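TrEMBL annotations:
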| type | residues | note |
| --- | --- | --- |
| ACT_SITE | 97 | active site |
| ACT_SITE | 163 | active site, proton acceptor |
| BINDING | 95, 129, 191 | Zn(2+) 1 binding site |
| BINDING | 129, 164, 401 | Zn(2+) 2 binding site |
| SIGNAL | 1-23 | signal peptide |
Ligand SMILES: [Zn+2]
């Protein structure tokens, strides 16, 4: 290469580098703007978030509508119409709300979205859960539009409220609405979890909550008397039994036999007993009642009926004067009587499409997982629509709901490329020869 040629080469390389730095700066600045909107419970600023999303949609020429299933809880629905709108559509879901913060425990203010220039970490509530994903969808669309890509299938984006408080006024009402039915959704993408390893995680199901309260009753008595069937003694026997079951589940995870989402988790969340006195509790009286509460999470691959028998026979048996009630009990079975999960075998082409698309974008993938807690994805799966939980964050500690939640800017930018690859693949996908889209039955 001549001197002039070398000079030209360096100049072009520098120009390209500068252009991409400027582009990345504006991508990051839009992410920061979204993170700076305080949508933390109990008083999320939903309208400000809605205005921001709608302004983004306008800049991308996406159709937008605001739906309030419940007053002041706007759901923003965006649409990029495909060349064949009769094909089942793609729905990219994300929630706009975030969990509360304890600002004094953060190293950076949680709604400043400051970038730490030493390591490139963006600190903010919602940086992982899940404002990242919501904006990555939009940035991927921006790149596809710049590249003049035209989707065959229609792509929808829903920005929903209230996920962090159960999703009842958000995704649940949306999934059960006529609006949703008319969208003819073939596949939903929703949130996943960060991965501390170098691979991404994909979720095909989630555990169902069973919030159990057990109650023991027994004859009250003097604190000095030893006798059978006291409420405290009966409750302790149950707690011991629950503890053994819990240990057996945890042992399987520790031994590497099962993943966290594949076992039943049981955690005691309260204990209530004793006779209150002005200075604490009456110390010479054995109480006649004692209660304990447990947060139980059941994977859809587990035998929920046998767990219920265990509860009735071992954890709260009538033979020990015990009763129980569920504060919440979600069945692992959908309306069709089958476990609520999305297939990840060859019966579900979306699964291999997403895996191939991630690999094409030079990402690695772990094995399919069950999400350990709950997300809005369950409402779509309950409707019989396949839903994949995915948040493109590898090499990232899991900090959702934690102090100092952050996402590295390089991971964020990489995630946009991954979504670009996924959307290209999903939006161009044509089902086999019979022209029918069988996916909605393939759960
Ligand atoms: Zn979330």
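We number each residue from 1, going along the chain as drawn.
Note that Cβ sites are derived from N, Cα and C of the backbone, with glycine treated the same way.
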Practice prompt. Fill in the CA-CA distance, the residue listed as 'active site' to residue 164 (Zn(2+) 2 binding site), as an integer in Å.
Written response: 7
Worksheet item: What subset of the recorded positions 163, 164, 401 lies within 10 angstroms of residue 95 (Zn(2+) 1 binding site) at the C-alpha level?
Response: 163, 164
Item to complete: Quick one: among the recorded positions 97, 164, which has the most Cβ atoms sitting within 10 Å of its own Cβ?
Response: 97
Practice prompt. Take the Cβ of the residue listed as 'active site, proton acceptor' and count every other Cβ within 10 Å, whichever protein chain it belongs to.
Written response: 26
Worksheet item: Can you list which of these recorded positions (97, 129, 401) have a Cβ closer than 6 Å to ligand 1?
Response: 129
Worksheet item: Fewest neighbouring Cβ atoms within 10 Å: which of the binding-site residues 95, 401?
Response: 401
Item to complete: Starting from residue 401 (Zn(2+) 2 binding site), work out which of the recorded positions listed here (129, 163, 191) have their Cα within 10 Å, and give them in sequence order.
Response: 129
Worksheet entry | Separation of alpha carbons, residue 163 (active site, proton acceptor) and residue 191 (Zn(2+) 1 binding site) (Å) | 11
